[in-house]
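Student: Feature list, courtesy of TrEMBL:
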type	residues	note
DOMAIN	A:1-125	domain 'CMP/dCMP-type deaminase'
DOMAIN	A:166-319	domain 'MARVEL'
TRANSMEM	A:177-195	transmembrane segment
TRANSMEM	A:215-238	transmembrane segment
TRANSMEM	A:250-274	transmembrane segment
TRANSMEM	A:294-315	transmembrane segment
REGION	A:338-380	region 'Disordered'
Amino acid sequence: MKLLKQETFCIQFNNHRRVPWPHHRRKTYLCYQLQLNGVTYASDYLRNKRGRHAEIRFVEKIRSLKLDKDKNYDITCYLTWSPCLHCARELVDLKRSHRHLTLQLFTSRLYYHWFQKFQEGLHLLYTSQVPVIVMGFQDFSDCWDRFVDHQGRAFGPECWDGLEQRSKNIQQRLNRILQVFSIVVFGSIVNEGYLNSPSEGQEFCVYNRNPGACGYGVTVGVLAFLTCLLYLALDVYFPQISSVKDRKKAVLSDIGVSAFWAFLWFVGFCYLANQWQVSKPRDNPLSEGTDAARAAIAFSFFSIFTWAGQAVLAFQRYQIGADSALFSQDYMDPSQDSSMPYAPYVEPSTGPDPAGMGGTYQQPANAFDAEPQGYQSQGY
DNA sequence: CATCCCAGG
Ligand SMILES: [Zn+2]
């Protein structure tokens, strides 16, 4: 079995959000390991070939092995880019046709994650028991040990500075995407909680005929959705916030808001569960909407943890950022210069002060784009 | 809302 070269791994698996020209040097690499009861049966890496994505080739490869569908195989994949919608469907198909297969995807970066199609793919995987996990230091390290010709060297953080911080960002981004999709589902479920009463000719709430319960569900759903959108937008603009203070505020608000939402979901869960318990069967003789009612309760329950998880992630981001320079350069600049902690993002080689802090809003990234040759260092 | 999975041997 062939192994990756150290240099290839560092170039292809790095999780910087942008890299210097030419961008297409970051290709898809898919490293997979097939195990049964801890014994490795296959271990290899794949790339795109003849226009077919590595993931597709992977699925074909696995299918060609004609695995015994009753055995509990275990497949771990490490991807440089997360799968597109088409590949996500293929992977889900593979999972569905092999009930007992455990398929786990680790990804270094999210591919086109601001397009709805790609978000849909991620959500599909998420809801089909094919977890997509953003690689953290431990995962990079595992991948390094298994698939790289490391010549005895351990995976070291000196390879990429600030890896853990970026990983947390990406993970948070992924969580948020999945949250938005889930909330839409919740909204449609809770909407079914309003039942039509043929005798009275008007709607009533499936939860104990208490309009407050349905109202709370809908309100929480809509507001949570808006909160998600707000923070999705904030994630995008975060690197452009030049003041360290504002960045800290943004992350701190994320902690508070996420924790607060965990609380609201908790209240919602208790409220709905309680009202559901005391609803009288004779109010709803046909038992309409009971599935929806239960689903909404379950959703509220799980939301407590997803939002609490967001809060924890934000807290970790804050912790990492608080005592290192990571609140500053690391978010957007793959180049070096670790000597200047908390430096705002400005093109280092430009001479005199670019327009202070007032007046026009500087867009420093343009300075890079206009002068690609200025990029000399192979920082990563 | 950000740039991004070359193709062929
Ligand atoms: Zn694909």
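Including glycine, each Cβ sits where the backbone N, Cα and C put it.
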Student: Below 8 angstroms Cβ to Cβ, which residues of this chain, lying six or more residues outside the transmembrane segment (A:215-238), approach it?
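Tutor: Hits for the transmembrane segment (A:215-238): 114, 169, 172-173, 176-177, 179-180, 183-184, 186-187, 190-191, 193, 205, 247, 250, 254, 257, 261, 264-265, 268, 271-272, 296, 300, 303, 331.
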Student: Would you report the average pLDDT that the model assigns to the domain 'CMP/dCMP-type deaminase' (A:1-125)?
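Tutor: Result for the domain 'CMP/dCMP-type deaminase' (A:1-125): average pLDDT 94.
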Student: Sort out the residues at least 6 away from either end of the transmembrane segment (A:177-195), same chain, that have Cβ-Cβ distances under 8 Å to it, and list them.
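Tutor: Those are 113, 119-120, 122-123, 126, 203-207, 213-214, 217-218, 221-222, 224-225, 228-229, 232, 284, 288-289, 292-293, 295-296, 299, 303, 306-307, 310, in sequence order.
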